[in-house]
């Protein structure tokens, strides 16, 4: 197998960042349209209550199974048939979870306005149905990730979001009074496109791959087939499917048991951890939904600000986190001590961890500094004067920038820890996660009573601080046996920090002078300061950039073209 995991991970991160930008731009445009034309209460129902239901069902149904399946690719005793069977469990799991979730969402949570009650009921059932449909595509999605079909994932995800947005906007433009109905219909339709797109690709790809294999036996040099078939079929000797039917449960030849016991154990460990992680990730929305702390209008305001404050996390941190997790799972063996693994692979993983940590931490600090001067301006341009009236949105966004500084290292350190933990270590961490979850919920409730919506952000900062501390302790202990301390090289340099401080002061002066006189001049000064900060970071880390570029070029030159599987 000539597929390069590091190159694939970098490609996946790059394409994912582009996709996230497109996705967020579309979502922000839709939210702005709803805020200005339909009302915040509807936005609160769809973006907080209904999307919380979707997040809950999808995360609890597939997260543990998908992550454990990725990690089990190194397990020689786990066959492809067992992996496919395990992935299809997500469908009945999602169906089983949807029953209690629907009952809770319809009967236990705070009631919606009577004029939206019927639409809300339809929206809940539509979300549950779309999640069940989406689970049927987990097998081909998993295959695509393992065999590095990077562009396929990006194209299908982009098509999914465009179709969902087009249908939603079309229906709302025809009748603004059925916005929640439109939301549910768009969710079901887009879920169907996920299934059709993934299976249609393999329906076309597999016969061509089989034909390519027959042709390959007739020639001595497989480069002769590249002009006819392209590079998408090279180095696919380990592709186990000869028919699209074999992606269904029980269809792939399997001399072993239906399920793998080691995989099942890992799934249970991730499942217990997943429940706690879901509470930590969406805790503030659960608190909003269970207790009448905020109205739906206030929930919509918080959600808009939270999404805007999470731009860095969604555009950059999450794709990098996912790609880093995939890279570490394929580079570091989970059940083998580092001293027993290849030294060059361990060194590469250590360097990648340090460089990624340094990059995301620098981005987090950049967001924090400029948010102090540009929160009000950005929100004014987004939602209008009525939206920013009272100052609460601006206050929330400034505080949320503090959470971004912690989001940056939290995702990467936890990603490495989850990628290299054994089942026993994962179970141990679950106890800490339980403590973090309970603490987070209690802090959310109490701090919200004291500080209002800002309390959610403060509670989240405390929670991430706890998790980062645990992850850093684990990473230092893990690398100690090989004499490496990768996190020592992960902090931004003094030159970059000094320039950030100066730029922060300049931007505050600009806000005081140009804030009400000329938004364009204020934005222009911010753009100059941002460019100066990025240039300073690039100069200070020129050796890092040069090394990374040289390593990438060396890898591409050292591999023959057929050894780099690009899709």
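Every residue gets a Cβ built from N, Cα and C, even glycine.
TrEMBL labels come from automatic prediction, so no person has curated them.
Summarising the annotation, TrEMBL assigns transmembrane segment to 12-35, 87-108, 120-142, 180-205, 399-419, 431-448, 454-475, 495-513, 519-539.
Same-chain neighbours of the transmembrane segment (180-205): 42, 45-46, 50, 54, 116, 119-120, 122-123, 125-127, 129-131, 133-134, 136-137, 140-141, 143-144, 149, 152, 155-156, 159-161, 163-165, 167-168, 171-172, 232, 241, 244, 247, counting only residues six or more beyond its ends whose CB sits under 8 Å from a CB of the stretch. Long-range neighbours of the transmembrane segment (87-108) within the same chain, counting only residues 6 or more positions beyond its ends whose Cβ lies under 8 Å from a Cβ of the stretch, are 49, 53, 56-58, 60-62, 65-66, 69, 121, 124-125, 128, 131-132, 135-136, 138-139, 142, 248-249, 290. Residues 273, 276-277, 279-280, 283-284, 286-287, 291, 293, 454-456, 458-460, 462-463, 466-467, 470 of the same chain sit 6 or more residues outside the transmembrane segment (431-448) yet have a Cβ under 8 Å from a Cβ within it.
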